[in-house]
């Protein structure tokens, strides 16, 4: 099938009517700027060692993590790419301590993880960009960090772009999930799948099994039952997957079902989890819920959590609804 038979991203935004209304022009402008930047970033990622982009940058981010060269490049590209958006009041990045004013006033706030899974860059495993867009509560007021501290229910759009064998984007505007693939000749994202859904049941889970001894009892119980297979309490065999790149693992869940888990563990008991609520958990939870799945920290739905810090961390379990319901039940019954 030729690319001319596919709807491109701009055409999709012009035609789509989430909640029965056309996407606001300012939101369209911002989403187009983000995707155009991701198209550029896809090219940079693909060049890798050929243009000297692999390896550590020798610096650390606000999270205390070693930055890869591409982390910094991706962050800079995204900031530069959205600077001209008149409706964008400000942005926040996983790589930076404080928000950055863009227009100062405006309707929207952008949050992003510029390059999720960047520890996999040098081994050529899929990585990606995750983004979330919020409506600024008072568009005319000067930008403050507190403007970003809204629950996931306030998101008006969220998505990710995964840089793999194809560069593919998943997007929700709050009315289901659609997917696009980048035509690397034209630089356009083309619609490949609408009405993406996650099956309610599954036989596949993703978790880092090497940390099993550190997990809380409800997660241990769930995984042990999966491992017991057809002869155990679940009476069916499960497969385990783990890419160690959230964007790639969640893309698999959206594409064919399953459960992704990055739970709290006892190695850092004072931290509620590893993943970032605002840059990773909220946008991925929005996508998963819109595809018919669910997302929890064990006791609460991720999207209902009220953030108190821009870089807040959280335990994450998301995917097929029956499995997430089971995990929540185990957490409540073993509490």
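Backbone N, Cα and C atoms are what each Cβ position is placed from, and that goes for glycine too.
Among 225, 235, 268, 280, the residue that Swiss-Prot places alongside 113, 116 at the Mg(2+) 2 binding site is 280.
Binding of substrate is attributed by Swiss-Prot to 116, 117, 118, 119, 274, and within the candidate set 8, 208 the record adds 208 to that site.
Among 94, 95, 97, only 94 appears in Swiss-Prot as part of the Mg(2+) 1 site alongside 113, 115. Each residue in 94, 112, 117, 128, 129, 130, 160, 246, 247, 275, 276, 279 lies on the same chain as 113, 116, 280 and has a C-beta within 8 Å of the C-beta centroid of that Mg(2+) 2 site, without being one of the site residues.
The number of other Cβ atoms within 10 Å of the Cβ belonging to residue 118 (substrate binding site), over all protein chains shown, comes to 22. For the binding-site residues listed here (94, 113, 116, 280), the lowest count of other CB atoms within 10 A around the CB belongs to 94.
Counting in whole angstrom, residue 115 (Mg(2+) 1 binding site) lies 16 from residue 274 (substrate binding site) by their C-alpha atoms.
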